[in-house]
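K.L.:
Taken from Swiss-Prot, the feature N-linked glycosylation site applies to 55, 82, 149, 194, 229, 266, 314, 373, 411, 537, 658, 698 (among others), supported by sequence analysis. Taken from Swiss-Prot, the feature repeat 'LRR 7' covers 221-243. According to Swiss-Prot, the repeat 'LRR 9' annotation covers 269-291. Taken from Swiss-Prot, the feature repeat 'LRR 15' covers 412-435. What Swiss-Prot lists as repeat 'LRR 18' is 487-506. Residues or ranges marked as repeat 'LRR 20' by Swiss-Prot: 530-554. Residues annotated as signal peptide in Swiss-Prot, with sequence analysis given as evidence: 1-26.
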């Protein structure tokens, strides 16, 4: 009985196992394949996890409503797998190939990664394959030979690389192919022309090269073609074949040759023609007038020239016409007035002239008129006031004149009015903000008069108000309480009355400039409510009373200037909250009392000017704690007493010091440690003792201090020694010492005469030596002999550089003495050399921490030798563009400091040298880097000096890529030319690219490349994003550093403005960078 029981139990277990296994295996192959796929998914949404399950009663996934699964009519095989936008991640397993009846596969908008499985080729019934918007990588598998039914193929927006498989050309049923936004390379397959049913082709935003295949032009059904943002070249042939169905064509950001195809007019169905920055040349073909259906024409940022063809007026469906950033000239054709559907006319940055045809101002559909930076003239007609949809009227930097129509704004649609830099006269129209939409109110730099309309107080949408440099008068209106207003500049007018208190209610104001007016009364304490304010300039007015302590609420203030008013009292102690302040100007007022001790807490202060007040007492030692002081310290014309505090010697970065016209006493010895000083004025005090030798070569002023003297041991020019008496109290020599000196001198004279006799004898015999070639007035030099010995008489093996002005050698004299020797080759006219000698002696007196210091100069018959300290890190060009593999990447902070240092040096040449020195050839090769990566400008002054003296002088001075447009064919240079070159260097620092980079299309430089990229970039506030050096991407994830890069880019674009008068001075550049340096430390915002 017992054995029988065991047998029954065994049979029952066997049956259970049998039926269990049978139930598992009952799920068909498609179901098992799906479950296998599930194992490769990292993240599975609930809809999938809860429905993709084994069920003992079902044999197919079709009967249990598996999420995303659709089967055929029989309910046995899977035909559709649609998991689009399901939040899936992981990989696509090879089991996908087991779904052999699959017709539709849509896994788009997920986070799949890894390779595309080659087993997809087994899904031979596939008609629709969408794997777009994932993170697939690797090459596209060559599987399309077996997918003959494929009609829609979407692989766009992944990280796929490699070539486009030629087998795609065998997909004869293909209608829609999208592979854009990947990293595909190589050429577009010629076989793609076999896809005769193809209607939509998107290959944009890859790395494709070569020409568009000829077969592509034969696709008669092609309606939309997108190949922008590649490296395609060759000539374009659209219109030469049947393109009647082509609706959209975008070829932007490639490097094609030639111009717009003259036959393009044959593509009569075109709705959108976009060819931005394609390197197009030549003229705009008149055949484009045949495009009656086209609504968008964008040929911006090319090199198109000639006139705008009048035939464009036949494009009766045109809504957007963008021809900006080309070289178009002549007048705007009146035929454009026929474009009754035109909404946006963008012709800025060309060479257009004449008046805008009156008919264009009558196109009622116009929303944007952007024609700035041309040479257009004429008056603004009253018809502009009748454009009910006009949003943007941007005409700045032209030659428009006359009155602005008084009814402008009654059309209620205006959002931006920018007429800056024209010759408009008359009054400001009173209804500009009638529609309560106006954001930009910019009428600066015109000849407007009258008052600001009172209606401005109701305009709550304003963001920027610029009315500076006009002839406006009257009382400033009250401003509405606003959270959008960020910028107000009403400077350089004749406004009277008090500062509106209502400005204090505009909580997001970043900049207020009311300088150079006739404002009176007190500074309103309500301005202290502006917690984001970065710049407040109230200088050159008639303001009075004390500084309100409430201004301490402006905790982010960078720049505070109330100079040239009638303010009085002392500096409120509450201003210690200005921790970010970089510039403080209180000059030319009636302030009194001592310099407050709390100023030492403003450790980012780089410029302090409190001249011509009634400050008194001793200069506090705490001033020496202002380690960031660099641009200037001006305490002149006050009543300070006592000695200069020794702590002042800690201000090692200070470049300008003015303590003149006080009652200071004692020695100047503390100033000898200030190595960066390039301008000093200590005149009209009561200083005593020797003048520090480091100050004697600067633009220093010492008059009015009768007890100052020069040490007899100082090696200074005869002119300087003549101006000052020698210091007294030197040890009197005894009679026997005098006798010895006299005897020694006599022997020296005899030896010198003998040596001169030998030299003359050698010359008569025709013996040539290096020293014999030195001009007599220069004398012989022991140091020169050392230099020649160290370089084997300037042997080529010691060459470390060649430039436009000569060859540079490295001379190692031992004991750590390293020099760079520049050899200049002269022409044979000695008179020019004598002039050069005087000029170079002048250069030798120039001292600045960011300029290469000329140590010695020797003039010889055929050349001159200039001796400089050797710079171990080479040039900025070497550091930025030729970094060794092992070298660290030049990070953004270092690049910013380099930009700031160069600006300081160039500003000194332009504004602190008399006469000013124009460099003429600013470029990275002429900027040398010391061991601390501090930049030093070299070759300053040489371009002008050598113009008439060197063998190699060219007609046009400067280097291609750095020459300002106005100097392309001229030898005359100006400060503005240097500013342009500096702007190019800034762009190199931001982008990491050369001025003429190999990656640019032919004849494109870095300035035009940056402008073109930014013109098509969607985020107008992020000017650094699309151009920044890829090596900086990680570092610039820091919001503050990124903002700094954006502002530097904007500054570079201003420096490289086509019009010299629009460029900032180098002093302005220094100010902007210094303020930005401080501002970025404290906030991620920016001053606009």
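Cβ atoms here come from the backbone N, Cα and C positions, even for glycine.
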K.L.:
Would you mind pulling the DSSP three-state label for residue 537 (N-linked glycosylation site)?
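P.N.:
DSSP call for residue 537 (N-linked glycosylation site): strand.
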K.L.:
Does DSSP give residue 658 (N-linked glycosylation site) helix, strand or coil?
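P.N.:
Strand, per DSSP.
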K.L.:
Cβ under 8 Å to the repeat 'LRR 18' (487-506), counting only same-chain residues 6 or more beyond its ends: which ones?
P.N.:
444, 452, 457, 463-481, 512-530, 537-538, 543, 1088
K.L.:
Which of the three DSSP states, helix, strand or coil, fits residue 82 (N-linked glycosylation site)?
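P.N.:
Residue 82 (N-linked glycosylation site) sits in a strand per DSSP.
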K.L.:
Which residue among the glycosylation sites 194, 229, 373 has the fewest other Cβ atoms within 10 Å of its Cβ, if you could check?
P.N.:
194
K.L.:
Averaged across the repeat 'LRR 18' (487-506), what pLDDT does the model get? Just tell me the whole number, please.
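P.N.:
Across the repeat 'LRR 18' (487-506), the average pLDDT comes out at 95.
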K.L.:
Below 8 Å Cβ to Cβ and six or more residues apart, same chain only. Which residues does that give for residue 658 (N-linked glycosylation site)?
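P.N.:
Counting only residues 6 or more apart in sequence, the Cβ neighbours of residue 658 (N-linked glycosylation site) under 8 Å are 611, 632, 633, 634, 635, 636, 679, 680, 681.
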K.L.:
For residue 314 (N-linked glycosylation site), what residues in its own chain, 6 or more apart in sequence, show a Cβ-Cβ distance under 8 Å?
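P.N.:
Listed in sequence order, they are 289, 290, 292, 335, 338.
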K.L.:
Just how many other Cβ atoms lie inside 10 Å of the Cβ on residue 149 (N-linked glycosylation site)?
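P.N.:
There are 16 of them.
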K.L.:
Tell me, how many other CB atoms lie within 10 A of the CB of residue 411 (N-linked glycosylation site), whichever protein chain they belong to?
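P.N.:
Other Cβ atoms within 10 Å of residue 411 (N-linked glycosylation site): 18.
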K.L.:
List only the single closest residue to residue 537 (N-linked glycosylation site), chosen from the glycosylation sites 55, 82, 194, 229, 266 by CA-CA distance.
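P.N.:
When the Cα distances are compared, 229 comes out closest.
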K.L.:
Would you mind listing, in sequence order, the residues at least six apart from residue 55 (N-linked glycosylation site) in the same chain with a Cβ closer than 8 Å to its Cβ?
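P.N.:
Residue 55 (N-linked glycosylation site) has long-range Cβ partners 27, 64.
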K.L.:
Distance check, please: Cα of residue 82 (N-linked glycosylation site) against Cα of residue 149 (N-linked glycosylation site), rounded to an integer number of angstrom.
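P.N.:
Spelling it out, the Cα of residue 82 (N-linked glycosylation site) and the Cα of residue 149 (N-linked glycosylation site) are 18 Å apart.
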K.L.:
Mind checking how the repeat 'LRR 9' (269-291) divides into helix, strand and coil residues in DSSP?
P.N.:
5 helix, 3 strand, 15 coil
K.L.:
Can you give me the same-chain residues 6 or more apart in sequence from residue 266 (N-linked glycosylation site) with a CB-CB distance under 8 Å?
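P.N.:
In sequence order, 239, 240, 243, 244, 287, 290 meet the Cβ cut-off.
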